[in-house]
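Novice: The annotation ATP binding site is assigned in TrEMBL to 501, 502, 503, 504, 505, 506, 507, 508. As annotated by TrEMBL, compositional bias 'Low complexity' applies to 917-930. Positions annotated as compositional bias 'Basic and acidic residues' by TrEMBL: 966-976. Taken from TrEMBL, the feature region 'Disordered' covers 917-976.
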């Protein structure tokens, strides 16, 4: 195999140099050194990139190409080309056929539409990839040698950073890529080829490529398998070399080749041994210098720590002294403040004692006067007892008169008629006035209850009601006539007040009103609470309020906070009352709570707009007031209801032009109002069957429209001629309601007897009130006198106790002041002593700082001199090595013709030198191929580089080196970088293979030296 490798090496034209090859190499190196001095940063970057790529490639024959696949560069026969993550494609050239993603096990597919720069002839290869943990197995291949090329592009982590995707690649279970990072080499959306992985296929015909993730998941864009050409073997034992100067063919025998090889290898081995010994000596010297530096740094750190501790102690002492001084100041200020405060308090107490003594004298005089007035009080007590007896008799008579008053009042209401109708007309609106609509309502006979409607130019129709309100009448006037019904509710009768009329005539305003102008609802409840308060001595009332609406023949609870899908139904209790099961009844105790409840109900009411009114009420709003009363004298209990109903607007469908949901609402409103008319008609005709259940509205008002209930109706009308038809229909309905008589006739009531009874009741009330007031005044005067005497005695005792407590507190404060003064004296003495200690410590600290500065300056100067000397020595040794190598090459070339009796040109040296290095590489790689446990050279170099970088980071944190030295040299003092001197002896043939063809050339002695160097590095890192 050595002869064959030599023959192939001789056949390559790139490796043959002319006679002046060696001096040209030296000239190139000089130029390179000059360029490096001009631009050191670019050289360092190139070295880092080459070292990074060198560490990733485990196969010496493979190389990196930072560009896309090109057909012209592919010279060997392509067996298959796998488009990883993509589909199969056929190129115009019949030789190129891209297979779809197959032969894999595991992993996922990703594709991108982003542009891949420098993608070559086939950019689609790098727009798809397979990633994850996966294998590729290529079966049924003929035995022989193959080249495997891998194509990569970072299309996932396009924003980096480096180290996000690091993985290993194994071919035939041998690692070919180690810690491979695509982004660190070519960044994102750029192609990268790793070519010329030589693989031997045995009789099983299998090529296995395995991807293993280190950090993140591995990925690949394409895999190309090429057939390798067979290596030609020389037929004869002799070869000929052509001289470039004279074009003569020189015969070279195998014996001469072996002699040259042995001599060159011996010389190289001797030189390598000498270099390794010199490197070991230099490493020992550097190690000793390094250890002295670390010891000096440790001593400096110890001194600095001591200084920091001393400074911290001085600062803590200063802070404690400052805090104690502030505490002393606070104590003195508080003492002075309390002293002034207690002096003022003592003066105030003395003045109060004087006042108390004067008051005590006055109380004693008053007590003597009270003792003298005791017989008079006894007489007054007897008179009061007699008055109490009379008061009890009056209470009995008052209860009897109250029962008679109830009977008479109910008789008066029944004689008037249980259903009364009040008519109220709103004023013309600004829109109606601006539109020019005339007023058709005549209020000339409104005081007598007559209302005229102008139906034509000369015709007039009159209506008779219990009360007619003009637009000038306010809310107070309206409620004045409805207020008598409130007492009926408190007496236990059902009452119903409802407003009927066209939309926009003011029904809601009459019933609810506004914040500034309250309506019937608010005023009714206000009067209820007022009368209940007046009767609180004899009656106990419990008032609850519920607000609901009838919307589309469905009952809705307006006080419910959460909307429920459950339907509310009307049920009859065992007592005969009708109620809505599940409705919320809010207990109210004052008028503020009532207003809050009314606001919640009005806000939840269904409102819509139509042609008649923009904010039209689309439901019947019903306010139910439940009153439970108990007579404290007799124990009688009653339960009554007051319905305050704001009916929805009654209008014709043709006028509103309602459609959809508004049409359905209007139909249900008219249906419920017609049912109310049927009930009123049945009540007026005293029919045996009254259709209460035809509507939810009439069913709810069943307890108030019949029996002992009192009913009041407000009919609301509009004065505009535009609403004439609706006004007439509302007035006709009101006249029918007024014709209903549930009780006796009005005109048969004897008003004289009623007036007499009223006068008698008023007199009895006034007499009882005057007697009650006189009794209360006497009792209050007695109680006040007794309470004053007791209170003054207690105040006098408490004042004496406070004086004793204050005297004790003054004694404690004086003792505390004395103790604080003693503490201040002691603290002042301590402060003086600590100040003296601090001054001494500061002097010591200053001395230590000066010593440290001098020591640092002297040591830094000595270390700089040593480092410069070491660098100069290293440079001299490098130059000597280069000169000796050049001389050795020349001597070897000159010596070979005399021994072999033929002249061999300088080309033979260039031919033999890489063969020797290759043979050393093959010797070092043989144990790895046979499965030994010795690690690969590339792995060892990679580990040493990692350790070197970690150690350089640690030393940068610990060492203190001047800035000028750090700028001139990139950490030449680090011991690990001395090992890189050996790499200067690489032959020039490596540079001829291209910038990205990375060959590893190493010997066993170098491996042994690298192991010793690693052990020393571990010692230094510790």
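Each Cβ is built from the backbone N, Cα and C atoms, and glycine gets one as well.
Structural setting of the listed features?
Specialist: The Cβ of residue 505 (ATP binding site) has 27 other Cβ atoms within 10 Å, all protein chains considered.
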Novice: Just checking, which of 501, 504, 506 (binding-site residues) has the fewest C-beta atoms within 10 Å of its C-beta?
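Specialist: Minimum Cβ neighbour count within 10 Å, taken over the binding-site residues 501, 504, 506, occurs at 506.
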Novice: Counting every protein chain present, what is the number of Cβ atoms, excluding its own, within 10 Å of the Cβ of residue 507 (ATP binding site)?
Specialist: 28
Novice: Using a 10 Å radius around its CB, how many other CB atoms surround residue 503 (ATP binding site)?
Specialist: 25
